[in-house]
Amino acid sequence: MSRVGVLVLGPAGAGKSTFCNAIISHMQSIGRRAHIVNLDPAAEATKYEFTIDIRDLISLEDVMEEFGLGPNGSLIYCFEYLLNNLDWLDEEIGDYNDEYLIFDCPGQIELYTHIPVLPTIVRHLQNQLNFNLCATYLLEAPFVIDTSKFFSGALSAMSAMILLELPHINILSKLDLVKDSHNKKALKKFLNPDPLLLTDKVNEETNPKFHKLNEAIANLVDDFGMVQFLPLEAKNPESVSTILSYIDDVTQWAEAQEPKEPNDQIEIDDM
């Protein structure tokens, strides 16, 4: 039977850990089991304990102290060490066959753009451990209200989609931070926007020599058709449930479930 896993991606501060906690809490409330796999060697404490934690293998703090490396260099060292010890990950995952594994990933984009760390882990999970995977990419709602920043975030999300080669769901987090009525109205156009129309706004704010570049970026985003975002309100069960339904669909979670045995406690007379 295939296993199901969700990679949670996005820049630092996008609300990845909050999203993981919201998904875990919601799944527990509906009787489904899930576990968080922490792949961030610099992670801080969260509401829910990590079932599997890369820091049990290697931590950013230890690498920085021992080798005198900076944060980014230490992060890359940690993941190269993990790639050389994937048997540890296999052993930790063990027999989690019928439960969701939610992989909370670091925010550094270079782990899949500059060096093939996350793509290698993805291929290993798929080929060696028989995982059905999808990637979720989070961007902060207050961040994308700025049209230029929207294109920046969309390109980052598209990089993850192309390089990881996984079913992909884009999410706008921290909707509660958008309080101004004007910004709330503006935000709606970014949930399913037309990039070509948004270039007019960008062109108004940039030097004319960048207009062709702006239009080229808009065309690129539009051609890949990845500009739709799902809104996330982490404290709203309906919002979390909607996103989980999308994840279930792309990972084919229902198809991976074994048929339930009839309840032999039910007597014929009770039916």
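In case you wondered, yes, glycine gets a Cβ from its N, Cα and C as well.
If you look up Swiss-Prot, you'll see GLY13, ALA14, GLY15, LYS16, SER17, THR18, SER173, LYS174, LEU175, ASP176 marked as GTP binding site, on the strength of similarity to another entry. LEU175 (GTP binding site) has a Cβ environment of 18 other Cβ atoms inside 10 Å. The DSSP secondary structure for LEU175 (GTP binding site) is helix.
Per Swiss-Prot, the feature site 'Stabilizes the phosphate intermediate' maps to ASN72; the stated evidence is similarity to another entry. Sequence-distant contacts (6 or more apart, same chain, Cβ under 8 Å) of ASN72 (site 'Stabilizes the phosphate intermediate') comprise GLN108, GLU110.
With GLY13, ALA14, GLY15, LYS16, SER17, THR18, SER173, LYS174, LEU175, ASP176 listed as the residues that bind GTP, the site has a largest C-alpha separation of 16 Å. Within 10 Å of its Cβ, the residue among the binding-site residues SER17, SER173 with the fewest other Cβ atoms is SER17. When Cβ atoms from all protein chains are considered, those within 10 Å of GLY15 (GTP binding site) total 22, not counting its own. With a 10 A radius on its CB, GLY13 (GTP binding site) counts 12 other CB atoms from all the protein chains.
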